[in-house]
Amino acid sequence: MTVSSRRDEQNFERIRRDRQYQAEVEKSCPETVSCIDILTVATRDATVLLGGPYWRVPYGRKDSKTSNETDAYTVPISREKLIDLLELFQSKGLNIVDLRKCRCGGDEYVDIDATTPTTFDSVDLDATTPTTFDSQFYANLEREMGLLSTDQRLYSDSRT
């Protein structure tokens, strides 16, 4: 099995598990918790596990209860111009506030599945202090050293 096919198999397994989790959440909170809610909680909990801050997550964004391949191609890429990002967000009923910051707020704890891989392909978004949870990412943006051009554009543009 090639590295690529193993990675695809792992991704499909993650999607299958994610759908199982989503179905369980939907049973407990029908028509309330969306894919983005689950992603936000997972991000928050991973941040806390890495020593970062805890924040409440408001539920009910209702972005979608399913995912599909076609939608995956509408996700912005790192080379997008700011105007294109704004238009994309507006086409989905979102505004500049949605684009520039995460609306945070929930006190639920989501346990991490023991079968989740402990190693991932990754890139450090903070070249200065990549293993420390700190504000250096933003300091790098101030010095125009953002790794992703979309991050730098969002930080540098006065509208965002």
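Using the three backbone atoms N, Cα and C, a Cβ is placed for every residue, glycine included.
According to TrEMBL, the feature domain 'Plant heme peroxidase family profile' maps to 22-160.
Annotation source TrEMBL lists substrate binding site at Pro76.
Marked as Ca(2+) binding site by TrEMBL: Asp126, Thr129, Asp134. Mapped onto three states, the DSSP output places Asp126 (Ca(2+) binding site) in coil. Long-range Cβ neighbours of Asp126 (Ca(2+) binding site) (same chain, at least 6 residues apart, Cβ-Cβ under 8 Å): Gln136, Phe137, Asn140, Leu147.
Around Thr129 (Ca(2+) binding site), the C-beta neighbours below 8 angstroms that are at least 6 residues distant in the chain are Gln136. In the predicted model, the domain 'Plant heme peroxidase family profile' (22-160) shows an average pLDDT of 74.
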